[in-house]
Amino acid sequence: MSQDLTVTDAPPPPTGARRGTRSRWRFVSIALAAFVALAGVRAITGQPMLTSPGTIQATLAFAVPIGLAGLGGVWAERAGIINIGLEGMMVLGTWFGAYFAFTFDNPWAGLVAGVLGGMAGGLIHAVATVTFGVDHIVSGVAINILAVGAMRYLSLLFFVDTPGGGAAQSPQLPEFPQVGLPFVAQMLAPVRDSGVFLLADTASLITGLTTGMSVMTLLAILLAPLTFAVLWHTPFGLRLRSCGENPDAAESLGVPVYAYKFTAVVFSGGFAGMGGVFLAMVASSVYQEGQTGGRGYIGLAAMIFGNWRPGGLAMGAGLFGFTDALQVRGGGGAVHALLLLIALALLVGAVARLAMAARRLRGTADFASVATVGGVFAAGTAIAAVGGAVAVTGGAVWWWAVAALGVAVGAVAAVRAVRARPAAAGSLPVPALAAAAAGVVVLVWYFATDSLPGQLVTYSPHIATLLVLALASQRLRPPANVGRQWRKGRA
């Protein structure tokens, strides 16, 4: 008897290029799906502000400084340095940009000075953390505190005696030129006014992106793909990222780790400084104390949401900018309409998680129990959603009884299924079940109210930040060596 001992090669693992392509298409797919869902909510709720050209332009104005701060975080943390000081570096960018733009009556002089001011803050952070081994958080917080006090002192020296200036603000600043295609807005006006699902929304998006855009906004948008190209498609970027993943291995291969860390943190400060210039000279026309408003921290949140990659960061900055734009433009009704979008997102996400759990457990002994729990819970969720929605919109009282009965039956069946096989309880997709329950609550909240409290509308960007970080934290993969002290010669 003979045996076939032929050895066959295993299929090759996916290459970095394939993984990168999948990642890029995933971001594009998510962005397109979010836009289609937003267009659907606009059509259902009749809230044109959700996708109007003005909202698109305001979203860009609020998203750009957050995105620039986040890009600074990507550069620093990919090299292994946590840069909490982005907020202070943005403050440096606002003041130095305003001072030099006013002095030379030239916005480009302000841009260069603001970037250099932020880079100076990054250099201080690099010296403290890389050279002297100061804790990254301590150094960053110190920069944030010192930057505010130092800029107040400089304002007292240079702005107090100027026309329109003072201890907390600068005089009027020159503006960057604007670019646009006005004929596009005129061509698309009939489509926008038609209100047709997706077509009108796409026309509004194109109009917002081609009308009255500051040159600096366009420059900032281009920096995201440029950062991706430099950090992921050049030898320089590979070496820099290796310093954040495994600096000992990088040093053993001849990479000057200290030099790359210094370069990354200085560039990080430059991006933050540019975000400060945008706040002082594009989003506004004067420097004002406290102008950054915590956007450096929100930029870090957007970076984490984006999994330390520019594409995801752009999506996070767009989300935070969108919620900020709605509440600033007085869109209380539009923010209320977002409850419907949030509910749909939670329910769709829950169904997807349940399907993934069922696929993973298919063929195992726990599959029947988990499938039963998921199916019964999904049925109870649907009954609760329909019954609650009909009841709060004027339906008969007995609809509440129907919803309550469905939930009760589902809960009893789920408990019995788990008791029948206790080992299956550990396999239950608890986050998916929690998301489904939250989706039902939000859906009933939407149908039960016509508006949101003013305080909730005002803080909607911060609430969005917390929710996104809480939901995205399960799939994050930060650089392996980020935040750790490293000393030369350990390899």
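In case you wondered, yes, glycine gets a Cβ from its N, Cα and C as well.
As written in TrEMBL, here are the features:
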REGION    1-20  region 'Disordered'
TRANSMEM  27-44  transmembrane segment
TRANSMEM  56-74  transmembrane segment
TRANSMEM  81-102  transmembrane segment
TRANSMEM  108-134  transmembrane segment
TRANSMEM  141-160  transmembrane segment
TRANSMEM  212-232  transmembrane segment
TRANSMEM  262-284  transmembrane segment
TRANSMEM  334-355  transmembrane segment
TRANSMEM  367-391  transmembrane segment
TRANSMEM  397-418  transmembrane segment
TRANSMEM  430-448  transmembrane segment
TRANSMEM  454-472  transmembrane segment
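Within its own chain, the transmembrane segment (56-74) has Cβ neighbours under 8 Å at 83, 86-87, 89-90, 118, 122, 204-205, 207-209, 211-213, 217, 220-221, 223-224, 227, 231, 267-272, 274-276, 278-279, 282-283, 292, 295-296, 298-300, 302-303, 306, 308-310, 313-314, 316-318, 320-322, 324-325, 328-329, counting only residues six or more beyond its boundaries. For the transmembrane segment (262-284), same-chain residues at least 6 beyond its ends with a Cβ under 8 Å from one of its own Cβ atoms are 61-62, 64-69, 71-73, 75-76, 78-79, 81, 83, 85-87, 89-98, 101, 107, 110-111, 114-123, 125-126, 129-130, 170, 173-176, 214, 216-217, 220, 223, 240, 243, 291-292, 295-296, 299.
Sequence-distant neighbours of the transmembrane segment (108-134) (same chain, 6+ residues past either end, Cβ-Cβ under 8 Å): 72, 76, 81, 83, 85, 88-90, 92-102, 140, 142-143, 147, 173-174, 176, 216, 258, 261-262, 265-274, 276-277, 280-281, 485, 487. Proximity of distant same-chain residues to the transmembrane segment (81-102), defined by a Cβ-Cβ separation under 8 Å and at least 6 residues beyond the stretch ends, is recorded for 65, 69, 72-73, 109-118, 120-122, 125-126, 129-130, 136-137, 139-148, 151, 154-155, 158-159, 162, 170-171, 173-174, 244, 261, 264-265, 268-269, 272-277, 279-281, 286-287, 291-292, 294-297, 299-300, 482-483.
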